[in-house]
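Per TrEMBL, the features are as follows:
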- 12-30: transmembrane segment (TRANSMEM)
- 62-83: transmembrane segment (TRANSMEM)
- 90-111: transmembrane segment (TRANSMEM)
- 123-141: transmembrane segment (TRANSMEM)
- 148-166: transmembrane segment (TRANSMEM)
- 172-191: transmembrane segment (TRANSMEM)
Amino acid sequence: MPREETARVEHGRLWVWGVSLLCFIVLMIVTPRIPQDQSYHDFADQRNFIGIPNTLNVISNFPYLIIGIVGLVLCFHPTYLGLSSKGEVWGFAFFYIGITATAFGSAYYHLKPNDSTLVWDRLPMTIAFSSILAVFIIERIDERKGTISLAPLLFIGAVSVAYWRFTDDLRPYALVQFGPCFAIPAMAIALPSKYTHSSYWLWGAGWYLLAKVEEAMDKEIYGATHQIVSGHTLKHLCSAMVPVMVTMMLVRRRIDEERKSLWEIWTKHWFKSPMKSEQSEIGIQAWNFRSQDWSSIF
């Protein structure tokens with residue numbers, strides 16, 4: 001690896017760990033303890049169809065099951081997804097395991113919403129968040145360190161849920177959930193990847209952001225739709241688009257020999273050289289001239 005690229009990767013590694021450590025310190029020292037608000041369990045749509053409590057909030061988890069199983073099967077046929085290392089295979093496998101388990105855990109929680117059942121909703125999500133973060137380390141920082149980090153990150157995710165359950169403090173879980181939500185788009189933009197189609201990570205982040213907005217506006221959306229669908233039901237459907245985006249990316253991506261970050265791609269596109277701009281302008285003028293010639297003929 002060239003010295004310049006090695007220095008860039010090392011700088012990216014220090015940046016990621018520094019930001020992660022800073023986020024944790026700020027969260028645990030500056031912020032107060034965050035207990036679980038019991039009104040969280042009071043969802044807008046509590047209708048009972050065909051004998052299933054909170055029916056739409058339960059069955060709207062079905063898309064997780066479909067995309068989770070499809071992705072998991074494809075992970076163990078690496079040629080379909082172009083996974084080039086065991087670390088990637090296991091990282092994405094745990095991601096799809098987390099998505100599949102979320103279908104069951106979230107459905108179980110919504111049958112009888114309370115803190116005890118919420119554990120089984122949140123635990124699978126931490127598996128998905130943690131494994132995707134490990135995949136990013138593998139792809140953009142260091143393959144060996146990313147593979148080694150998979151188990152500790154999964155353990156940290158599980159501990160954050162246990163910490164909340166036994167201390168009623170959501171701060172570590174909030175970091176596990178929202179940390180990757182900020183870190184992954186930042187790394188996708190700033191750090192070079194060995195694969196193409198990194199923009200799908202940003203599409204996934206956008207869908208997840210939309211899902212969180214719908215979750216926060218559960219009752220408002222339920223009222224605005226005249227009690228047809230609630231914000232929480234839409235949250236399930238939109239957040240299921242995240243693994244869809246990831247799967248589409250895996251199917252379409254290829255090895256990028258240049259290893260460019262999205263930022264480098266964007267800046268190259270936005271700030272073209274003057275010669276290229278001049279050539280483009282000359283080409284446009286030539287096209288207009290030829291168009292005028294043809295119009296004069298007809």
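Placed from the backbone N, Cα and C atoms, the Cβ positions cover glycine too.
Under 8 Å from some Cβ of the transmembrane segment (172-191) lie the Cβ atoms of residues 12, 15-16, 19-20, 23-24, 27-28, 34, 122, 125-126, 129-130, 132-133, 136, 140-141, 156-157, 159-161, 163-164, 198-199, 201-202, 205, 208-209, 261-263, all in the same chain and six or more residues away from its ends.
Residues 9, 12-13, 16, 85, 87-88, 91-95, 97-102, 104-106, 147, 149-150, 153-154, 156-158, 160-161, 173, 176-177, 179-180, 183-184, 187-188, 191-195, 243, 246 of the same chain, all 6+ positions outside the transmembrane segment (123-141), place their C-beta atoms under 8 angstroms from a C-beta of that stretch. If one looks beyond the transmembrane segment (90-111) by at least 6 residues along the same chain, the residues whose Cβ comes under 8 Å of a Cβ in the stretch are 43, 52-54, 57-59, 61-65, 67-69, 71-72, 75-76, 81, 83, 117-118, 120-132, 134-135, 138, 146-147, 150, 154, 236, 243, 246, 250.
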